[in-house]
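Asks: Annotation source Swiss-Prot lists transmembrane segment at 32-52, 74-94, 109-129, 133-153, 157-177, 188-208, 214-234, 247-267, citing sequence analysis.
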Amino acid sequence: MNRLNFQSLLWKFGQKRFYYRPWIRIENIKPTPLWKPITFAVGVGSATFYTANYLDKRRKNYPKSSYGFPIPQTSSRSLVLSIIGINVGVFALWRAPRFSHLNRFLQKYAVMNPIFINMPSMIVSAFSHQSGWHLLFNMVAFYSFAPAIVDVFGNNQFVAFYISSILFSNVASLLHHRLRFGTKVTPGSLGASGAIYAIAAATSYFFPNASVSIIFLPFIPIKIGVALLGLMAFDAWGLISRGFSSFANFTLIDHAAHLGGGIFGWLYAKYGYSTYNRSTRPRPPSLSKPFFSRSVSF
């Protein structure tokens with residue numbers, strides 16, 4: 001999750017050109033209260049898990065459709081490639097000319113503004129990348145970790161987990177911004193990094209012996225848990241040192257979203273996964289048919 005220039009904010013005031021100001025305080029417009037994005041995140045996250053739970057129950061209790069055919073399910077590879085395709089598609093849309101109607105639309109819905117929060121942008125921004133390198137790094141990491149977690153969770157649960165991790169990481173980013181900077185305008189955020197941290201954290205829980213290679217040290221395998229802790233320690237340092245360290249200020253990385261995603265992924269893997277599976281267990285055979293369909297003899 002990276003910070004982005006707040007071009008969309010200036011458009012709210014009818015600006016025709018873009019001028020960068022590192023800190024601006026808006027006095028006449030009230031920022032979006034935090035209870036709105038929090039309520040949105042809880043509501044949408046709950047709805048996605050409820051829908052996934054319903055679909056998984058239906059698949060387990062009724063493995064065949066009413067016509068006798070198995071209920072189709074997309075393969076894990078197809079699901080992962082579909083999500084990557086959405087990210088690539090949004091990246092292609094960003095190639096539109098600056099200040100065009102399409103670019104303005106993306107600035108409004110594909111970038112999460114920390115002050116004037118557009119609720120759909122809390123989800124869409126996680127599929128949005130402006131930089132080719134940002135997209136490449138995130139999608140390589142996503143393709144490396146996601147297939148294993150899709151196989152563990154199943155397609156429906158993974159989609160609910162992925163959307164919820166996006167929302168949780170963005171809420172963490174918003175909370176940090178309001179607590180740290182108040183109503184000061186900072187660059188908006190976009191990118192899938194927060195959700196990828198959640199997937200990596202879940203992978204480290206289910207596959208603790210798995211090893212990864214860091215791009216700068218490709219020939220040195222590192223336990224995934226150690227690598228994840230190292231990255232989260234770096235994010236914690238960046239969170240604390242922003243404003244004091246020139247490097248932390250220069251990177252414009254949304255460290256709070258990374259930490260929020262990692263924490264959500266680990267907590268869900270430890271507690272949420274087992275709870276979800278208990279709720280989708282198939283019903284006993286004796287209860288799978290309505291009472292009036294059973295044969296009764298006297």
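Placed from the backbone N, Cα and C atoms, the Cβ positions cover glycine too.
Provide an account of the burial state, proximal residues and distances for the features listed.
Replies: Long-range contacts of the transmembrane segment (74-94) within the same chain: residues 102-103, 106, 110, 124, 127-130, 132, 135, 138-139, 142-143, 146-147, 150-151, 155, 158-159, 162, 192, each at least 6 residues beyond the stretch ends and with a Cβ under 8 Å from a Cβ of the stretch.
Long-range contacts of the transmembrane segment (133-153) within its own chain (CB-CB distance under 8 A, at least 6 residues past either end) are made by residues 2, 76-77, 79-80, 83-84, 87-88, 91, 161, 191-193, 196, 199-200, 202-203, 206-207, 212, 215, 273.
With a threshold of 8 Å between CB atoms, the same-chain residues lying at least 6 positions outside the transmembrane segment (188-208) that come near it are 1-6, 8-9, 87, 110-114, 125-130, 134, 138-139, 141-142, 145-146, 148-149, 152, 161-162, 165-166, 168-170, 172-173, 223-225, 228, 231-232, 254, 257-266, 268-270.
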